[in-house]
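For reference, the structure is listed below as structure tokens.
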Amino acid sequence: MAELEGLEFGKSDFVLLDEVMMEQFMENLKLRFEKGRIYTYIGEVVVSVNPYREMDIYGKDTIDAYRGRELYENPPHLYAVSDAAYKAMKRRAKDTCIVISGESGAGKTEASKYIMQYIAAITNPSQRAEVENVKNVLLKSNCVLEAFGNAKTNRNDNSSRFGKYMDINFNFNGDPTGGHINNYLLEK
């Protein structure tokens, strides 16, 4: 269970809080962030706090630790959610979706890259190039979209007006075969 992180890191799942009030929620999030724990669960959902710095929690060793594990076997991480979605897709032979939401600058694009990195790492080595290609298209399309659709808001000088829907296609073996990205103008 994710509780094994220890109380010095707060509660790794907000469901385990004694009282579900905004103050306790924020205190727990702050404590975990100060201890370098940027991910916290709310049941099967992961809350991510942008650390605004590089962290050594995305390498091959971390991928290996989360590969094939159940959601609560390791501390909260994007890889755990990615693995759960991938396993559910293969087990049920149905589409699966990971929703990434947050304010401008919250780290949504970075989260997408780490999810794709994980999927690429756990799939057939000959198919990894497909996931990498989708990831590269995402990154390259960002700067073009920003040139046309960003605007100044009260909270951000360069806030995007676009939403993205990324689709990675898999074959019956669970190997990626392609993908595409749709961009949506959210407001003018």
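Glycine is treated like the rest: Cβ placed from N, Cα and C.
Fair warning: this is a prediction, and the values are worked out from it, not measured in the lab.
According to TrEMBL, the protein carries these features:
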{"type": "BINDING", "residues": "Gly102, Glu103, Ser104, Gly105, Ala106, Gly107, Lys108, Thr109", "note": "ATP binding site"}
{"type": "DOMAIN", "residues": "9-188", "note": "domain 'Myosin motor'"}
| field | ATP site shell beyond Gly102, Glu103, Ser104, Gly105, Ala106, Gly107, Lys108, Thr109, criterion: Cβ within 8 Å of Cβ centroid | value | Asn50
| If you draw a 10 Å sphere around the Cβ of Ser104 (ATP binding site), how many other Cβ atoms fall inside it, taking every protein chain shown into account? | 14
| task | Give me the mean pLDDT over the domain 'Myosin motor' (9-188), rounded to a whole number. | result | 84
| message | I'd like the Cβ neighbour count for Gly107 (ATP binding site), meaning other Cβ atoms within 10 Å of its Cβ, all protein chains included. | response | 18
| query | Which number gives the other C-beta atoms within 10 angstroms of the C-beta of Ala106 (ATP binding site), all protein chains shown included? | reply | 14
